[in-house]
Amino acid sequence: MDSTALKVALGCIAIRLAVNSLFPSLQQQLDQSVEFSTPVTSFRSLQEGIYLLRNNIQVYNHGVVHHPPILIFFLSLFNSDRLISLIYALIDGLIAYQLTEVTKAFKNLKLKVWLPGLLYAVNPLTLLSCISRSSIIFTNFAISSSLYCILAEGNVLLSSVMISISGYLSVYPILLLIPLLGMLKSWRQRILSAIVSILSLLILLLFSYSILGSQSWSFLTQVYGSIITFEKVFPNLGLWWYFFIEMFDTFIPFFKAVFNIFIAVFITPFTLRYHKQPFYAFILCIGWIVLTKPYPSLGDAGFFFSFLPFFTPLFGYLRYPIISALLFLHAIVLAPIFYHLWVVLGSGNSNFFYAISLVYALAIASILVDLNWAMLRIEYDNGIPNFKLKVTQI
């Protein structure tokens, strides 16, 4: 085990445990924040599912729990609040470790191996997401594990299994199977990876059924159907909620289908266009899902930002990094203020909060556009950076 990666992981764990100890009430405050908690990732909802499962009560008949059965079953094994905090810290530490190990696969970048892992460890967004005990951390862990398995260990099968787990936990990450297949060298590996992913997902669903026993397949509707159909129109940092508050009921099913197609439709073009740089296509796909998913949180953005150091050789091509950074800072500072004005004080309205969520989306979108431009420029320059050359976008 590499000492650098281990130090980063231990530092990440220590920071999270220290914050938990110093600010014991912070978890509940963050869990009530729409920036870090959504109806499908909330720890309150997870606790409700754990309670119902332990008491042999039907978990998914009350419209409150939207977490997958295996996750609920896993966390129900631990009774201590401190132990659960430790589990979340360990998961975050493992993500930091994996990011550090993945960096070693890109020695030609001349990137400090500890930088992505350290950025993840000290990033306030990932730190607070972990403290809030949002279940998004498990999805992020599955995604980082998939990259770690294929890039650091060369294990295609395990990487495919981890992508299936991420899809099992949050639906949309299963789309990352497409750029994952683009990272494989032969069609034989791609077909095998796709088969393993599908079989793994089926096994996870069957195991979920066995956990619930007589409750049959009701979890499919509450866990996955509620996300795809955006069942709970709840304010968040995403683009969906305001549209479906204002929209006539007649048009809602059609536009929900359109929004879902919109998430999926750009994954394959990213993969095909950047087939020579499949890892970067994978990162862009992560960013696209973060931008377009129905229930995003700042934990999603923090995870995506941890991969930005891999674009270091392209930073000279970025056209408006300062604008993107200021947009993002503007959004994360004003989002809780505008939500408080709207919901708590009643001196604002939903337009306040949705306006700032649009700024947040614009920040993520501008980062994605800038990264795409940078990748096209390095390709135009035949892999040799030429920052002085001025090229006009047509």
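Each residue, glycine too, has its Cβ placed from N, Cα and C.
For the topological domain 'Cytoplasmic' (1-135), the model gives a mean pLDDT of 92. What Swiss-Prot records for 1-135 (among others) is topological domain 'Cytoplasmic'.
The transmembrane segment annotation in Swiss-Prot covers 136-156 (among others) and is backed by sequence analysis. Listed as Cβ neighbours of the transmembrane segment (136-156) (distance under 8 Å, sequence separation of 6 or more from its ends, same chain) are residues 41, 71, 88, 91-92, 94-95, 98-99, 101-102, 104-105, 129-130, 162-163, 165-166, 169-170, 173, 176, 180, 183-184, 189, 192-193, 279, 282, 286, 297, 299-300, 303.
Annotated topological domain 'Lumenal' per Swiss-Prot: 157-160 (among others), in sequence order.
Annotation source Swiss-Prot lists transmembrane segment at 161-181 (among others), citing sequence analysis. Beyond the transmembrane segment (161-181), the same-chain residues lying 6 or more positions past its ends with a Cβ under 8 Å from any Cβ of the stretch are 40, 68, 70-71, 135-136, 138-139, 142-143, 145-146, 149-150, 190, 193-194, 196-198, 200-201, 204-205, 224, 227-228, 263-264, 267-268, 270-271, 278, 281-282, 285-286, 289, 293.
The topological domain 'Cytoplasmic' annotation in Swiss-Prot covers 182-190 (among others).
Using a Cβ-Cβ cut-off under 8 Å and counting only residues 6 or more beyond its ends in the same chain, the transmembrane segment (191-211) has close neighbours at 53, 68-70, 73, 156-157, 159-161, 163-165, 167-168, 174, 177, 180-181, 184, 217, 219-220. Taken from Swiss-Prot, the feature transmembrane segment covers 191-211 (among others).
Here Swiss-Prot flags 212-224 (among others) as topological domain 'Lumenal'.
Under the heading transmembrane segment, Swiss-Prot lists 225-245 (among others), citing sequence analysis as support.
Marked as region 'May be involved in recognition of long-chain fatty acids in GPI' by Swiss-Prot: 235-255.
According to Swiss-Prot, the topological domain 'Cytoplasmic' annotation covers 246-250 (among others).
Outside the transmembrane segment (251-271), and at least 6 residues removed from its termini, the chain residues within Cβ reach (under 8 Å) are 172, 175-176, 178-179, 181-182, 228-230, 240, 243-244, 278, 281, 284-285, 288-289, 292-294. If you look up Swiss-Prot, you'll see 251-271 (among others) marked as transmembrane segment, on the strength of sequence analysis.
Look at Swiss-Prot and you will find 272-297 (among others) tagged as topological domain 'Lumenal'. Away from its own ends, the topological domain 'Lumenal' (272-297) comes close to residues 35-41, 106, 129, 134, 136, 143, 147, 151, 172-173, 175-176, 178-180, 182-183, 227, 230, 234, 236-241, 259, 262-263, 266, 303-304, 307, 310-311, 361, 364-365, 367-368, 371-372, 375, 379 of its chain (Cβ-Cβ under 8 Å, at least six residues beyond either end).
What Swiss-Prot lists as transmembrane segment is 298-318 (among others), and the listing cites sequence analysis.
Swiss-Prot lists 319-324 (among others) with the feature topological domain 'Cytoplasmic'. Counting same-chain residues at least six beyond the ends of the topological domain 'Cytoplasmic' (319-324), those with a Cβ under 8 angstroms from any Cβ of the stretch are 363, 366-367, 370, 373.
With a threshold of 8 Å between CB atoms, the same-chain residues lying at least 6 positions outside the transmembrane segment (325-345) that come near it are 33-35, 125, 235, 237, 298, 301, 352-353, 355-357, 359-360, 362-364, 366-367. Look at Swiss-Prot and you will find 325-345 (among others) tagged as transmembrane segment.
The residues of the topological domain 'Lumenal' (346-351), classed with DSSP into helix (H, G, I), strand (E, B) and coil, number 2 helix, 0 strand, 4 coil. The topological domain 'Lumenal' annotation in Swiss-Prot covers 346-351 (among others).
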When DSSP states are grouped into helix, strand and coil, how many residues of the topological domain 'Cytoplasmic' (319-324) land in each?
4 helix, 0 strand, 2 coil
